[in-house]
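These notes are about the structure you will find just below.
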Amino acid sequence: MKRSPLPRSLLVAAALVPLALLLAYVALRAGPLAPVEVTVAEVRTTELTPALFGIGTVEARQRHRIGPTLAGRLASVDVDVGDAVTRGHVVARLDPVDLDDRLRAAASALDRLAAERRQAESRARTARSQARRFEALRERQLVAEDAAQARREEATAADAALAATTAEAARLQAELDALRSQRDNLALVSPIDGLVISRLADSGTTLVAGQAALEVMAADGAWVHARFDQATALGLGRGLPAEITLRSAPGERLPARVARVEPVADAVTEELLAKFAFEPALASPPPIGELAEVTVRLATLPATPVIDNASVFHVAGETGAWRIVDGELAWTPVKLGRADLDGHVQVLEGLSPGDTVVRHAAAPLRAGSAVDVVETLKGRQP
């Protein structure tokens, strides 16, 4: 006896039901209705040690530009970049040109004037003696008044000639001293114990007054000029301890201290500027211009609720955190405080110790979304 065939509608339903179940499973587990995988953390109460991080460069604390006080041509430069110099060390010399000839001429003129001055002194003594003798003779009425008056005028003229010769000698002596000073200034000397960091002219170069031939910095005069974001630089002040890591020595932390916070900030980059001195000063300064990382650790703050920076989200311009309440998401606006360099931030308002908040999410979140709490998101290292 032949079986009656199944209705076509039943066959279609039998084929569609598994497909519908499969689509529903996919939608609920991997589609838009699937729960979002998240990792979570608990709000905890702990002390926080805030720190500031900045980027800077090594600079010379003081640069001494060495050059002539008068125009001249460099005869020699005796040092090069990187050479150590001491205070008074001759680093360069100027060509004297005709200065030596002028010195000899001035000395000769002064010698000649010295002879003239001795002659003037002799004449003055003779004139004064004659004036006194004629005055005595006049008092005894042995000579006329006119003769005595003539001798007095001769004595006065001799004294005037002596004074003029003395003044001229002083002028020539001053001129000779000036030439000798110029001769001494032909030798350019280092004003400090330091290091040559720049050579700006070579032998044969003509320099004008005030133009530098060399730059010297103190051997222990390097510091770091660093920049800090104005939004996170609260608490930066003079005297705070710091650590400096040079680009050439990434694993070495050098102790330092805030030497100065610049009174003028950078309005374009919105950064505060500060200078950091090495403590103790480095015996051998790092290269000027080398990149450096600066860390300033501030005083430890009292215990407050703390979360990770990763738990802070921004939704529609509002800062907050996603709390998990009864397995669902709840958006909670928060007010944040200080942060440290380990990724922790204070929560001043909005969360309480023990609250569970989302750290990372596999997809964008929205209020009421179903979530699946996991230890680690796929493709992310724990």
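Keep in mind that glycine also has a Cβ here, set from the backbone N, Cα and C atoms.
Positions annotated as coiled coil by TrEMBL: 103-137 (among others). Across the coiled coil (103-137), mean pLDDT in this model comes to 82.
For 162-189 (among others), the entry in TrEMBL reads coiled coil. Among residues of the same chain six or more beyond the coiled coil (162-189), those with a C-beta under 8 A of the stretch's C-beta atoms are 66-70, 72, 75, 88-96, 99-100, 102-103, 106-107, 109-110, 113-114, 116-117, 120-121, 123-124, 213-214.
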